[in-house]
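*Asks:* The following feature annotations were taken from Swiss-Prot:
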REPEAT    159-210  repeat 'WD 1'
REPEAT    260-301  repeat 'WD 3'
REPEAT    314-354  repeat 'WD 4'
REPEAT    361-400  repeat 'WD 5'
REGION    512-546  region 'Disordered'
COMPBIAS  528-542  compositional bias 'Acidic residues'
REGION    562-597  region 'Disordered'
COMPBIAS  584-597  compositional bias 'Basic and acidic residues'
Amino acid sequence: MEIVYVYTKKRSEFGRQCNFSDRPAELHVDILPDESLLSNFIEKNPVDRGIQCVQEMSEHEINTERFETDSRGINHMEGGWPKDINPQEVEQVLRFRKKVEKDESYVTTIQNLASSMEHTIKQNNAIDIYEDYFADLEIEEVEETPSAKTINVFRDPNEIKRPATHLSWYPDGPKKLAVAYSSLEFQKTSAETSMDSYIWDIENPNKPEFVLKPVSPLVCLEYNPKDVHVLIGGCYNGQVAFWDTRKGSQAVEMSPVEHSHHDPVYKTIWLQSKTGTECFSASTDGQVLWWDMRKLGEPTEKLIMDPSKKGKMENAQGVISLEYEPTIPTKFMVGTEQGTIISCNRKAKTPPEKIVAIYKEHIGPVYSLQRNPFFPKNFLTVGDWTARIWSEDIRDSSIMWTKYHMSYLTDGCWSPVRPAVFFTTKMDGSLDVWDYLFKQKDPTLSLQVSDDALHSLRVQDQGRLIATGSNSGTTTLLELSSGLCTMQRNEKALVTAMFERETKREKILESRQRELRLKRQGASAQGQDDDEEGGPDEEEDLVAAAEKEFFQIVQADKKKFAAQQAKLSEQDNKIIEEAEENNGSEKKDTENGEKEG
């Protein structure tokens, strides 16, 4: 539509803007009634009227001041240390402190706070705030029978059940439990068997909270202690993968097949590092591989478990268990299929130097290996039909061990809160709780957890909850009684004395065996020298002397036997003569009696 004509008007002709204000009511028009019109109307009586007996309401709208809200979080680290500083690492702490103390703002702040801090310190020193008013009051110790109760049971949701091969607790409290499911029987899995593993909420056993979907069944699974959303898993085909629960069920990254293990990965452990992305894995192919999650293309380091220290794969022993203590970051230990425990040093320069010590006493695979959290020099191993406690100083034998059980032992671990308590699982589906301060020959508590064999075991860091996984895919969550998860009076000192006593005893036995071994070696060497000097004539003389000595011993035994027979015959003759005399005297007595009668 085209504009035909435009009307133009000046701004000054628009008039003023409206300006409203409050004022009282005014009467402008008042029309009075006209009585002449009254005849036009008729009064109606009665009149129908409708009324509503309710309170009158009206709708009003108001505009209030709007407040904008948003969600914010705060990340508190223990001790106020930065994320990349581990408070347990002495070198990192000292390095960080020196760096901060050189800062000018730090020095200025300390000088400004010195006066107020000094005043506060004087206030604290004026009164002993740590005074114990009831130091002499004896606490009544209530003897509680060791017990445990089942809290929840988590079952494999698939139709074809698989063993629960590994368990891992959520690092930030007893909230979740990650379970790896895999069948380790060779070529026994079908195409319909699921490869999924699950993360369970311990309050909801009906449905898994999260599903992990690997390309191969997971044999082991571990939470990252520094990032609760990240997990590392070892697959049945030898690959290593890690998941981030914020990014879905699929693995974020996997190691390539050509640079991975060639057998199932039985154990993966996170390393104590600044980045929190380093880990290492062990497999029955005889290799231990180190990885960095930021680059899984190939391992950062490799070690072949060859006890001969030659680094040959044909001599390597398959690794089933792996141990790493964060307080000793350079050391780790492995347990092999052949029953050998190998102690290693990662920081050694050459592969032979990395294998430090070898312990051998199990006659079957070492399924579990863990250091005591209170005494790192002592470690627990579980294999064949026994559980054994070792000392690093004694290599020939363990210092303590359990009796041989009727069922095969499958897993074991220490209590994180009591140095004298450890747990073991068996093929008959039972869980044994051992308290070495209470008794050492038998378990303190034995529970029949499942009708199927128990395969895995894990204790929560607070020591109250314990989870076990069975061959049927059932994970049972148990709660221990307070006596089993509360440190007893003087327990640490008593356990220290017990370990030292047993270590000293084994050292004495070891030195005695060494002396006997040297004597036997010396005697055998001397015998060989005599044989070489004497020749065949002396050998014939020795044989003749041995035969002569043998026949002399036989003749002496014959004479001794003949003397014993003669002595026995004499005794028999005496007994017969005495019996005949007694019979004769009895006959005479009877004849005399008849005559008198």
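Placed from the backbone N, Cα and C atoms, the Cβ positions cover glycine too.
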*Asks:* If we skip the immediate neighbours and take only residues 6+ beyond the ends of the repeat 'WD 4' (314-354), which ones have a Cβ under 8 Å from one of its Cβ atoms?
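*Replies:* Apart from its flanks, the repeat 'WD 4' (314-354) reaches 88-89, 263, 266-269, 271-272, 280-288, 301, 303-308, 360-371, 376, 379, 381, 383-384, 390, 392.
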*Asks:* What parts of the chain pack near the repeat 'WD 3' (260-301), using Cβ distances under 8 Å and only residues at least 6 beyond its ends?
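*Replies:* Distant contacts of the repeat 'WD 3' (260-301): 84-86, 88-89, 92, 182, 184, 219-222, 224-227, 230, 232-240, 242, 253-254, 313, 316-322, 324, 326, 329, 332, 334, 337, 344, 346.
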*Asks:* In the repeat 'WD 3' (260-301), how many residues does DSSP assign to helix, to strand and to coil?
*Replies:* 0 helix, 20 strand, 22 coil
*Asks:* What is the number of residues in the repeat 'WD 1' (159-210) that are helix, strand and coil, as DSSP sees it?
*Replies:* 0 helix, 19 strand, 33 coil
*Asks:* What is the average pLDDT across the repeat 'WD 5' (361-400)?
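*Replies:* For the repeat 'WD 5' (361-400), the model's average pLDDT rounds to 88.
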